2 protein chains.
Amino acid sequence: MSNSGTKDEIPQKKMRMDQSNINSHESDILESLQGFKVEKILNENAQTKTMFVHGKFENSEDNAVVIVEKTAFSEKSIRGVLSGDTTMKNTLKNDIYGTYEVYPKPEFNEIKTTVIYPATEKHIAKYTGQPVYMVQETPELYSDITLPYLNAENFSIQWVYNILEKKKESERIIYEDSHPETGFILLPDMKWDQKQTDNLYLIAICHKRGIKSLRDLNSSHLPLLRNILTRGKKAIKDTFDVDGSQLRIYIHYQPSYYHFHVHFTHLKFDAPGSNAGRAHLLSDVIDNIELRNDFYQKKTLNFILRENEGLFKKFQESGKVLDSFS
Amino acid sequence: MSNSGTKDEIPQKKMRMDQSNINSHESDILESLQGFKVEKILNENAQTKTMFVHGKFENSEDNAVVIVEKTAFSEKSIRGVLSGDTTMKNTLKNDIYGTYEVYPKPEFNEIKTTVIYPATEKHIAKYTGQPVYMVQETPELYSDITLPYLNAENFSIQWVYNILEKKKESERIIYEDSHPETGFILLPDMKWDQKQTDNLYLIAICHKRGIKSLRDLNSSHLPLLRNILTRGKKAIKDTFDVDGSQLRIYIHYQPSYYHFHVHFTHLKFDAPGSNAGRAHLLSDVIDNIELRNDFYQKKTLNFILRENEGLFKKFQESGKVLDSFS
């Protein structure tokens, strides 16, 4: 199940693994939503017009999670919306400007709905909105809190090694530079349907192991970083005819998995996680390391954590999250 | 007219002034969209479910620009959507997961529509989607292209001085520190309706004149920058009870007007322009200048320009935009 279009990005790889742990419990195709009872709104996103709802069907004690998302207009649907079939109500009029509430015929105004039923407590937790916080990680907080947490958790990245070793997803590879120090594999992110380039999204995963994140980068990695930047852009130009000047090329901090990788997205696509506070442009990273070898070991790094994340709890315990104004 | 929810941010202040130049041409409140003919889709945003359409009404030669935007779900509307009144069509079924196209009754599935009629060529140009490009501005390109362009254009910022001198919008001021060197005025951005704090958006405008942008900042500005960071957060905590850890605090480069100001938005709100490639966290800016006095004079800065912007044309003429792969 893709969760694209939601603000709280959920790593696709983790979800894939989560699903294998769920006891298979086949349910029927729904004919209608007659008798569905909304229990709680778990989360909502007013920008993408999405809502995550916990509810129950009549005569059942099982939980359901329903994700409803308004669909984008198409050339076809817009003609149906802007037609005599639509009723409208004026809400404001000022000179040449008017605003209206309009109610098109249902066939032109589709909603995409995902039903998870029966849903486990884990599903409900996954889709429940969480407060988020901006954390300021000084070099000291990195070594005192973040690094011990990463080492203790020892997150599995076997799925990354499966890709690098061509055990999985080899048919999806767009480009490979096999050099062990500066090489990488470029492949489409699972969030991209590859139908159009407006929302192009690819990931470059480096062959070299042991680079956990931005924090580890220094001038010894400049050949790797420059290679990913140059050859990644060229491969995307060659394969998808999208110029490098049309791309946002960035690194996440914190990343969702601790093996070094770079995101390539189309400038037209506001990908989740492309905001200041998570995304660091690769060309800025190269510049900063050129300026100072230990830039990312000395820099205070800001990033956003959700309240239910393990790392957030560690920062919270240390009292290093909330601002205090004395 | 607010243009919130669209990807291409249009500065509110500029729009306000544009409107005063339009010849008043009152039109009637529309009763229906019967006979409306779509001429061209000017722009669309699949994430926010918005479309900008150029069209004509039957028996009229005048142009109309129609902005249609699907509305967010509300607690009330979601109960209407997830009910027996809704028809649904299954599109995928895998174990406990199912996806459906659903068609609720029109009353639960409103669309917000703005009609500009009659519309000028300027309106049509304003809403027409433009290709965007990532530009890499080295210090040399700044002095050779950007700075001469800014000086030649000599953009008016009288409206900013009106605010600082309390000639306009003084009733909107949330907080003021009147110090001429380190002081600032904090007020809500016009994009924020102030109804809820989830999309909180304020602007701090400094009293000191002559700081055009990020490029001008050096260690002499650290007291100003630290003051805006600390007192801005405190004023927002005091007034809106939103903690500093809940805020994204950043500077735009390029800014939309060349008088130094800082954006304060809620982390839950993906404000337009908060992406890497435009937004620079204020705390990063302070850190970088502490690291090196001339950081922003020496740094290559990446930013996104639309093809119809004057500055873009200057970069294009110099041949400094498109990547070349030889």
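Glycine residues also receive a Cβ, built from the backbone N, Cα and C atoms like all the rest.
All TrEMBL annotations are machine predictions without curation.
Taken straight from TrEMBL:
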ACT_SITE  B:His261  active site, nucleophile
BINDING   B:Trp159, B:Glu169, B:Asp189, B:Lys191, B:252-263  substrate binding site
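What TrEMBL annotates, mapped onto the structure for a quick look.
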{"residue": "B:Trp159", "record": "substrate binding site", "CB count, 10 Å": "16"}
{"residue": "B:Asp189", "record": "substrate binding site", "CB count, 10 Å": "16"}
{"residue": "B:His252", "record": "substrate binding site", "CB count, 10 Å": "19"}
{"residue": "B:Gln254", "record": "substrate binding site", "CB count, 10 Å": "21"}
{"residue": "B:Ser256", "record": "substrate binding site", "CB count, 10 Å": "14"}
{"residue": "B:Tyr258", "record": "substrate binding site", "CB count, 10 Å": "18"}
{"residue": "B:Phe260", "record": "substrate binding site", "CB count, 10 Å": "26"}
{"residue": "B:His261", "record": "active site, nucleophile", "CB count, 10 Å": "21"}
{"residue": "B:Val262", "record": "substrate binding site", "CB count, 10 Å": "22"}
Checklist outcome for this item: Reduced DSSP state (H/G/I helix, E/B strand, rest coil) at B:Trp159 (substrate binding site) is helix
Checklist entry - Among the binding-site residues B:Trp159, B:Asp189, B:His252, B:Gln254, which ones place their C-alpha within 10 angstroms of the C-alpha of the residue listed as 'active site, nucleophile'? => result B:His252
